[in-house]
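**Student:** For 469-479, 512-524, the entry in TrEMBL reads compositional bias 'Acidic residues'. The compositional bias 'Polar residues' annotation in TrEMBL covers 487-496. The domain 'Major facilitator superfamily (MFS) profile' annotation in TrEMBL covers 23-448. According to TrEMBL, the region 'Disordered' annotation covers 452-543. Taken from TrEMBL, the feature transmembrane segment covers 21-40, 63-84, 91-110, 116-137, 149-169, 181-202, 266-291, 303-325, 332-353, 359-378, 390-412, 424-448.
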Amino acid sequence: MGRNDPEEGRLPAPVKPPDGGWGWIVLLGCFVITGFSYAFPKAVSVYFKELMKDFHVGYSDTAWISSIMLAMLYGTGPVCSIMVNQFGCRPVMLIGGLLASSGMILASFTTNIIELYLTAGVLTGLGMALNFQPSLIMLGTYFDKRRPLANGLAAAGSPVFLSSLSPLGQVLLEKFGWRGGFLIMGGLLLNCCTCGAVMRPLDMGMKRKMEKAQDKYEAKEMLPIGGKSEEGISSADGTKKAKKAKKKPKKGKKLLDFSIFSNRGFIIYTISKFILVLGLFVPPILLVNYAKDTGVPDTEAAFLLSIIGFIDIFARPACGMVAGLKWVRPHVAYLFSFSMLFNGLTDVCSARASNYTGLVIFCVFFGISYGMVGALQFEVLMAIVGSQKFSSAIGLVLLIEAFAVLIGPPSAGRLVDALKNYEVIFYLAGSEVVLSALFLAMATYCCLNRGKKKEPPPEKNPSAGGGSDTEEAESDVQEAEEHSSDNHQPVHSTDNAVVVASEEANHVAEEQSGEGEGCPEGDGEVLARDGCNADQMVERDRF
């Protein structure tokens, strides 16, 4: 009854983000999901030495485990977008938690590296993908003004879990072996199901409020106000419904919106992220093995990842707070470019670190820059496309990044096997990250900012993205009111019964507004701000 039901094939109206309330619980769930999704592929590298001994494989073979996990996390983005648009975030996340857990449990019983690829790589990676993307979508739904801070806090889950999962993996490896460690890790991944259970859709609470208001409205309508007046109201409502049905045809919901490729900002962001991912994940994946080869004990080598995670914990929320400032948020793309440049220069300057002290210094600066990149990457994407198209945009971006993930770490592992030198790997990875930063900054300045100066300011369009959710909702309301005023035409009639019906209907409307109930939404019609029946007011004045 005019509540944009999915069964009628209409898109749901945008709901204003609460920027708090249950959103903090959603933020906590997103914190845990982000921690598992990003930290788990790196924490698994603790087991690589034992896997190389048991399966008689090299660095590049074991590096494929983390690469396949990340490739599934990114490559299944469009599939996740379609599933979320079709079934919602909560069911998809529950299924993903079960898949992630079962993948690690099955991996503990594998007998060769190929089986490990299929279980720990494909199955666990798919499960984490089905959790990661919906959690970001829900976070963007619940936050608008505080969205940079929320993204920074949620992104802090990655370093928190990295600093804890890496030492935990080392302890499990020493006490239970890699098989026992994989089995226990699989049990920990069941917490993803708990996080999925708290992802309550935002429109559920709004629907309940609207249903209560509709029930009160219908109960008052049942009061006897005269047969003629009821006939007048029903005839007027029927006329408006017929006009609205002609003006607004039903729209089907898109499972994947490819129109975002017409956004130049989205194209620039996608190319920059592809270059970035080629080198971003290489240093942390190979860091533990590099430290062990230089003579660092296993426990201290695993502690290097904890240092990165500890610094990252504070870097991400701090960067999110900075990005949320009024004078910084319009230029968040340049802040993101600076963070990538910082990360790339850290890799290049630390390429010759050959002792534990040098590696610790590298981890400190890498943790700061890596945290900045992690806090800003999805905030920039939300700012470019808007929350309404974010579910499709993130799926397509992750798909494109999946190819870079499959190229980066395995290629670095092969270079290590061939050259036996990690210095070249750090130079190569750092140069790729620096290139992505320069491309993003220059393309944003030349293609976007100059274009805005030359072109006249366009009219606000909520579907174009780039604005806040509040602005989109307000523009939708304005369009609805304009459309309603176009449809409302005065009815010329001299029938006294219709006039009496109009006066009685206005009397009922005034009583309802006096009681504080407001003007609830009717069956698909948009009500005027000054009263519940603008047509009848015009008719009475004309008479």
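Every residue number used here counts from 1 along the chain in the order it is shown.
Glycine is no exception: its Cβ is also placed from the backbone N, Cα and C atoms.
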**Student:** When you scan the chain for residues with a C-beta under 8 Å from the transmembrane segment (21-40), skipping those not six or more beyond its ends, what do you find?
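**Tutor:** The answer is 69, 73, 93, 100, 124, 128-129, 131-132, 135-136, 138-139, 142-143, 150, 153-162, 165-166, 185, 189, 191-192, 194-196, 198-200, 205, 309, 374.
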**Student:** Per the definition of 3+ C-beta pairs under 8 A with sequence separation of 6 or more, do the transmembrane segment (63-84) and the transmembrane segment (390-412) touch?
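**Tutor:** By the criterion, they touch.
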**Student:** Counting only residues 6+ away from its ends, which parts of the chain sit with a Cβ under 8 Å from the transmembrane segment (91-110)?
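**Tutor:** Distal contacts: 33, 36, 80, 83-84, 116, 119-120, 122-131, 134-135, 179-180, 182-183, 185-187, 189-197, 199.
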**Student:** For the transmembrane segment (266-291), which partner among 116-137, 149-169, 332-353, 390-412, 424-448 gives the most CB pairs under 8 Å?
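**Tutor:** Looking at each of 116-137, 149-169, 332-353, 390-412, 424-448 in turn, the most contacts to the transmembrane segment (266-291) are made by 424-448.
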**Student:** Which residues of the chain, 6 or more past the ends of the transmembrane segment (116-137), have a CB below 8 A from one of its CBs?
**Tutor:** 26, 29-30, 33-34, 36-37, 40-41, 44, 51, 55, 64-65, 68-74, 76-77, 80-81, 83-84, 89-90, 92-93, 95-104, 106-107, 110, 154, 182, 189, 192, 195-196, 199, 378, 390-391, 394-395, 398
**Student:** Considering only Cβ pairs within less than 8 angstroms, which of the stretches 149-169, 390-412, 424-448 has the most against the transmembrane segment (359-378)?
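**Tutor:** Maximum Cβ contact count belongs to 149-169.
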**Student:** Using a Cβ cut-off of under 8 Å, list the residues of the same chain at least 6 residues beyond the transmembrane segment (149-169) that approach it.
**Tutor:** 23, 27, 30-40, 42-44, 46-47, 135-136, 139, 142-143, 181, 185, 302-303, 305-313, 315-321, 323-324, 367, 371, 374-376, 378-379, 382
**Student:** Taking the domain 'Major facilitator superfamily (MFS) profile' (23-448) alone, what is its mean pLDDT?
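**Tutor:** Residues in the domain 'Major facilitator superfamily (MFS) profile' (23-448) carry a mean pLDDT of 82 in this prediction.
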